[in-house]
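Marked as domain 'Glutamine amidotransferase type-2' by TrEMBL: 2-217. The active site, nucleophile annotation in TrEMBL covers 2. Marked as domain 'SIS' by TrEMBL: 280-422, 455-597. Taken from TrEMBL, the feature active site, for Fru-6P isomerization activity applies to 602.
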Ligand code: F6R
């Protein structure tokens, strides 16, 4: 969601705050702002829209100061206007906030009664007024912050400056992550480790309820009760990670092209290609005795979970439930004793998935997390972590994280099958061989980029697009539709091909392109029958299949893409790429903002 940066420095901070916001812009880009303290006076600059608007404001009206906070916003309360942009000011403080203050209405009413007047529609502004109120009553900054935090309900990460306190910054974390960075005579706050790239790699993840008082050379951390606590300082790899587009026009394209490499890296942690074996690190559970697996995630990660259900049930014979985190957490799910709950998340911070994780942990499930960010909250709270090694994913639309999640899930399905003896040695070798070939096959798929760009030129004129697939390719149809709608704003729906005649077929006419994902395999003929039903009603099909699949059917389609023929287990990994590229080129054709599509944010840390 929103991005936060804070610097207590020895040198001017304004430019460095903006640099950090640039790295954080993927988290939210409705508006941005910074505030600094200079000669005991708080000052701020804000602008609605992209960060470049703030940069233009700062160019005309620079900010001085050795201490400052910055924010890039994904709106929750109040429209994305300058008035609602952070930092928010009270009479004595400046505050930036990620999260939601649930009791803001009652706090705001009480503050208005006490004579405060508000200039934004945000929940954040109550924090600024509440804190100012405490300071006006004579509390020390430390006590005022503690007292204010005690009044707040909801999820938040905060960075706070106080008028007159030129060497002091406060931060707090409840529900939303916050990182403290240790530099050379400087200290930092960031909503994630990427915020601190280039500043320091010595970081400390605040724990739930922690808050911090820091100067340029001291950091004091307190827990929810106000007791001073020590938290471990670690060296973060994320802060050294390069966050640039290379030669690519967009992060999304770069990340699509990275897939052969990162999927190869991921697989190499889970398979031994030489001996054609699965290698699972020490498991904290015994797959032989697991009664049921519950897979929980949101969005694209949820589609990875859907694919995994097919694999785990087929190869390891373990019953699998798949749940959308936001639905799971408010149901009364009946969890089996001895069950394993697996949480899949690129960021490891998605609020609904995290809440579901905590629920399962409390309910006595063994909890595993499949995450891209190894230091994320989910990774830290799970009993066991399966890292996906995709590297930083900056494009808001998830691409390489999806295929890396699938790689881990495929290895787990096979590994569980081996341990449960539902897979014999020869099948293990066949499946591991199929997975080891995926990176090179992905590289072949990327050669279709130009052809997909041509198809996208037509697709860009469509109002609605359907995606069809069966089995493990049904979630790929859903993922293709999600990619298209989120970055090109074209309405798209994915369906299980066999469901077509139960309703969606009514949508089909000559104006609705239908992307059919039909790799050769046990379900090929059935998918083709559904495709024929659509063509018989005027549907214009874009067919994705392999050479054998296209042999007798490509002439029925208005366009086709030939993918390598691979083992059925590998098809979702490969077919993810053309649907990503199709969405990408359609969006570029339409001229939308591919990396920062409207209304979206990368890491959804509010429910
Ligand atoms: C879509 C997309 C989102 C995320 C979802 C979950 O392209 O990126 O649907 O997959 O918000 O995010 P994580 O995986 O970080 O929990």
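Counting starts with 1 at the first residue shown.
Glycine too: its Cβ is placed from the backbone N, Cα and C atoms.
Fair warning: this is a prediction, and the values are worked out from it, not measured in the lab.
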Exercise for review: Round to a whole number and give the Cα-to-Cα distance in Å for the pair residue 602 (active site, for Fru-6P isomerization activity) and residue 2 (active site, nucleophile).
Suggested key: 9
Exercise for review: May I have the DSSP-based helix, strand and coil counts for the residues of the domain 'SIS' (280-422)?
Suggested key: 59 helix, 26 strand, 58 coil
Exercise for review: Taking helix as H, G and I and strand as E and B in DSSP, count the residues of the domain 'SIS' (455-597) in helix, strand and coil.
Suggested key: 75 helix, 29 strand, 39 coil
Review point. Out of 2, 602, which has the highest number of nearby Cβ atoms, where nearby means within 10 Å of its Cβ, if these are the active-site residues?
Key: 2
Check your understanding: What average pLDDT does the predicted model assign to the domain 'Glutamine amidotransferase type-2' (2-217)?
Key -> 93
